[in-house]
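Right, one structure below, let's go through it.
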Amino acid sequence: MSDNDDIEVESDEEQPRFQSAADKRAHHNALERKRRDHIKDSFHSLRDSVPSLQGEKASRAQILDKATEYIQYMRRKNHTHQQDIDDLKRQNALLEQQVRALEKARSSAQLQTNYPSSDNSLYTNAKGGTISAFDGGSDSSSESEPEEPQNRKKLRMEAS
């Protein structure tokens, strides 16, 4: 952003050539005042954009220092959030892959269970316990204990 952005400045070329030296000086002073006011307003806007400085009095050097710190903080935070997003995308892809594998296993298990057995409503799970065909293979009883929401855990993936 240059000093001339958002400022309407009249050039000296538009003025009649017969201006006195005093008129030229007054015009130049007015342009300089506009430029300084624009810079002042820009610093106030920057100060109000930095959370630690909002509404406080601060020198221009302090405003620039705090703005620099805030930008660096936001960059680090953005980088961390981007890493979290990437981790969640990888975790989501893994979970989708597991869902597809489980659906495939379930469909192949259903093909095997189509053959008559003595009691097809009871099966054994991987731990050797008896489960009902209707509970989906869960080891916990959802009737006796309310299910507590599980905290989301980060999935650590090793590079392959």
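Any Cβ shown, glycine's included, is placed from N, Cα and C.
Candidates Ser11, Ser52, Ser117, Ser140 were compared with Swiss-Prot; the annotation phosphoserine appears at Ser11. Across the structure, Ser107 (phosphoserine) and Lys66 (N6-acetyllysine) place their CA atoms 60 angstrom apart. Ser107 (phosphoserine) has a Cβ environment of 9 other Cβ atoms inside 10 Å. Shown for the compositional bias 'Basic and acidic residues' (29-40): DSSP residue counts in helix, strand and coil, namely 12 helix, 0 strand, 0 coil. As a whole-number mean, the pLDDT of the region 'Leucine-zipper' (81-102) in this prediction is 96. Note on Lys66 (N6-acetyllysine): other Cβ atoms within 10 Å of its Cβ, all shown chains, come to 18.
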